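Asker: Got a structure here, written out as structure tokens. Questions coming.
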Amino acid sequence: MSLFDWFADRRKGQFVGKVTQESEESDGLWEKCPECGQVVYRKDLIDNCSVCSNCGHHNRIDSKERIRLISDPNTFKSINNHLTPVDPLGFKDRRAYADRLRESQAGTGLKDGVLTGTCEVNSIPMALAVMDFRFMGGSMGSVVGEKITRLIEHSTKEKLPLLIVCASGGARMQEGMLSLMQMAKISGALERHRDAQLLYMPLLTHPTTGGVTASFAMLGDLILAEPKALIGFAGRRVIEQTLREKLPDNFQTAEYLQDHGFVDTIVPRTELKETLAKILRLHKTQVVKLQTNA
């Protein structure tokens, strides 16, 4: 519902009671699309998976909302979400790393930047990890890496397909080499998952960059992406300065990567659950056929 439609409904008497502009703004009734500028009724935006109905812009959502959109109701069971990051290097730049952790934990209600667990998608069981960009830019530290690795190992043991929703600025610099080690650790766990002939799908959302892109985000059997998501390793400006060339306007977008074979399919958020269910059903059918033929 647009702002114009909302006022039209008020004139028809569908909304009762006096609501001031100040109370509307304070209650957060409206959202302005950062892409097209359309003012949208917040409830309608949420009902549409936080996708702008006017231009299709995918607004950023948190990990809990992502889980709600993907999984069947009340089927998500968390795994290893008790793990909490520490400050192994006593790192301090403009602020102490320990202070940044406390601030992110208070602001998000999470212990670190990823939620992991199992769920069902249209009654099909699946392992699920969802990164949360609100927590220090979704950066991958030792706890994020450990939780994802343990989830992969659990899905291998239980013979579950795996989906990792990526939203990250890359490795967490405040943990130095410990964060970079997670790239190899997760990649090794994924190789064992693949050896067990199990399905792994990364979903690349805006943004997916740095060490996450250079490791598990690009190791899927089927690589999914949201429309217009920023996907890359180094930043655009860094690449242009290094190459001394002007890059295409759509460089490092999901569409550009699909055109060049790095992304298999782009899935609008409103179609994600049904798309996942179709893929999972097809994979389950093929596994049964292989086992029968064996």
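Along the chain as shown, the residues are counted starting at 1.
Just so it is clear, glycine is given a Cβ too, placed from its N, Cα and C backbone atoms.
Bear in mind that the values here come from a model prediction, so they are computed numbers and not experimental data.
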Asker: Name the residue range among 33-55, 125-147, 171-193, 217-239 that Swiss-Prot annotates as zinc finger.
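Answerer: Range annotated as zinc finger by Swiss-Prot: 33-55.
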Asker: Other than C33, C36, C52, C55, which residues of the same chain sit close to Zn(2+)? List them in sequence order, counting a residue when its Cβ is within 8 Å of the Cβ centroid of the site.
Answerer: P34, E35, G37, Q38, V40, S53, N54, G56, H57
Asker: Given the binding-site residues C33, C36, C52, which one's Cβ is surrounded by the fewest other Cβ atoms within 10 Å?
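Answerer: Selected from the binding-site residues C33, C36, C52 on minimum Cβ neighbours within 10 Å: C36.
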Asker: How would DSSP class C36 (Zn(2+) binding site) in three states?
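Answerer: It is coil.
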Asker: Name, in the order they occur in the sequence, the residues of the same chain whose CB lies under 8 A from the CB of C55 (Zn(2+) binding site) and which sit 6 or more residues away.
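Answerer: C55 (Zn(2+) binding site) has long-range Cβ partners C33, E35, C36, Q38.
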